[in-house]
Amino acid sequence: MYASREDIGYDFGDDSKVGSKPIKPNPNIDGGWAWMIVLSSFLVHILIMGSQMALGILNMEWLEEFNQSRGLTAWVSSLSMGITLIVGPFIGLFISMCGCRTTAIIGGILNALGWILSAYASNVHYLFLTFGVTAGIGSGMVYLPAVVMVGQYFQKRRALAQGLSTTGTGFGAFLMTALLKYLCTEFGWRNAMFIQGAISLNLCVCGALMRPLSPKDLSEKYMVRSDSEENRAKTLSHSTETMKSNGVLGEEPEKKEEAANEEVLGSVQHIEIGGKSGGGRSMYGLRILKTVSQLTVTVRKGFALWYSSYFGATSLFTNRVFVAFIIWALFAYSSFVIPFIHLPEIVKQYNLSRQDNVFPLTSIIAIVHIFGKVILGIISDLPCISTWNVFLMANFTLVTCILTLPLMQTYVGLAVVCALIGFSSGYFSLMPVVTEDLVGTKHLANAYGIIICANGISALFGPPFAGWIYDITQKYDFSFYIAGLLYMVGIIFLLIQPCIQKKEPREKSTEEAQI
């Protein structure tokens, strides 16, 4: 275990030289427009993650409408959830090139289009394409920018800000479950999806609120971060030396790239100035050339940053704790998704529909999930508490609940376990904070894209696997047991790698002393 969250990994290029002059903090960092970013991210989580947590309602409608197996029908929900997260690394490329605002607005249009086209589905396979792929890609293009922007605007209260914004998942699951149930009852599932598509257009408004910080503002944030961590520099010195020896902290390629880009733009501007004596047509052509050149430079810089994060000298995969984090993410998310998709069927199987109609179990998870995110975020921001340790404790609680849930066959027992699942799954608000502590703010978009991609793979195969096990055994018990055991394997990876990480520098220092 670590005494502080900064000890869990490396910082990829976020360290800035601290100048002698005092730095005036930007009012939008940890305040001002930062809270509008939290509001935008909160609404995104309601409309995207909340809607996906409520897909159990539509899953039952699709089972009745198309009369397909539970395993095949569950693929519709899994594709939507999985693709939303799997496209994370590629959305990171979009963010590097176009920025968070443009990416989110385009994603909002795609998501709404997916919902509306799904209203005309004639079979399950049609839903795979419209709802699973189209709406899933659109959701991913909005979700990642919403998380990244909160990380950019907050420094001192990151865990609390992420906790508040991601409570939208709990609110959304509660609200969207009630809304979709009402719409399906009153208008049928097809009209319900059409109406939900119109509501999803509000994602474009959320994207418009994502005002980017200027490079100067970001650099000031890095300087403030360096000041606040100066007293802990000694504990991180061994990590920095290791990274330097591997060439990870080298910035020369980026500087050369920027110099080449400036040379290209400078030559275009020189031609433009020299061509002023020409006609209006030539000036118009030069303006087009200048615009194309600027666009090319932006695309090249964005692709270079994206490529270097995955395959270059500054590859995120050189951080072994981060790799362990990815392995954990491959097993973790399905354990949270499976109850949301299959709980309505489990309740029906146990003849508990009357109690569940009064207060659905999925709503219990959603409501307690809200408090879990906020409370865990507040606890993690305390100076004497390690975010990493809070994160691990919440994971242990959740995996215990997943393994216990099949043993409960009364409504009260299921309600208690669901409440614990909701609270412990509040660690989702800590995932961006832990990721940023591992790789730094500069690489947050690409790193978190990898993490949610791994979560997406987990969400993609989890519910269909549970449905397939049910088709064979006519029980969901084994689905929860297997998912819980795989989840435990991921947690073990998180525990092993930090121990190795701390042991290696000690062995190295012992060898140097002997020499």
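Using N, Cα and C of the backbone, Cβ positions are placed for all residues, glycine too.
Keep in mind it's a predicted model, so treat the numbers as computed, not measured.
Annotation comment: TrEMBL describes 234-245 as compositional bias 'Polar residues'. If you look up TrEMBL, you'll see 37-502 marked as domain 'Major facilitator superfamily (MFS) profile'. Summarising the annotation, TrEMBL assigns region 'Disordered' to 226-256. The feature transmembrane segment is assigned by TrEMBL to 33-55, 75-95, 102-120, 126-148, 160-180, 192-213, 321-341, 361-379, 386-405, 411-434, 446-466, 478-496.
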Quiz item: Are there residues at least 6 beyond the ends of the transmembrane segment (33-55) whose Cβ is under 8 Å from a Cβ of it, and what are they?
Solution: 76-77, 80-81, 84, 104, 111, 139, 142-143, 146-147, 149-150, 153-154, 161, 164-177, 179-180, 196, 199-200, 202-203, 206-207, 209-211, 340-341, 362, 366
Exercise. Examine the transmembrane segment (192-213) against the transmembrane segment (126-148) and state whether at least 3 Cβ pairs sit under 8 A, considering only residue pairs 6 or more apart.
Key: yes
Quiz item: Can we call the transmembrane segment (321-341) and the transmembrane segment (446-466) in contact, meaning three or more C-beta pairs below 8 angstroms at a sequence separation of 6+?
Solution: yes
Practice problem: Among 126-148, 446-466, 478-496, point out the range having the most Cβ pairs under 8 angstroms from the transmembrane segment (386-405). | Solution: 478-496
Quiz item: Taking 411-434, 446-466, 478-496 as candidates, which has the most Cβ pairs under 8 Å with the transmembrane segment (75-95)?
Solution: 446-466
Self-check item: Positions whose Cβ lies under 8 angstroms from the transmembrane segment (478-496), at least six residues beyond its ends
Solution: 324-325, 327-332, 334-335, 338, 342, 392, 395-396, 398-399, 402-403, 405-406, 462, 465-466, 469-470
Quiz item: Looking only at the domain 'Major facilitator superfamily (MFS) profile' (37-502), what is the mean pLDDT?
Solution: 77
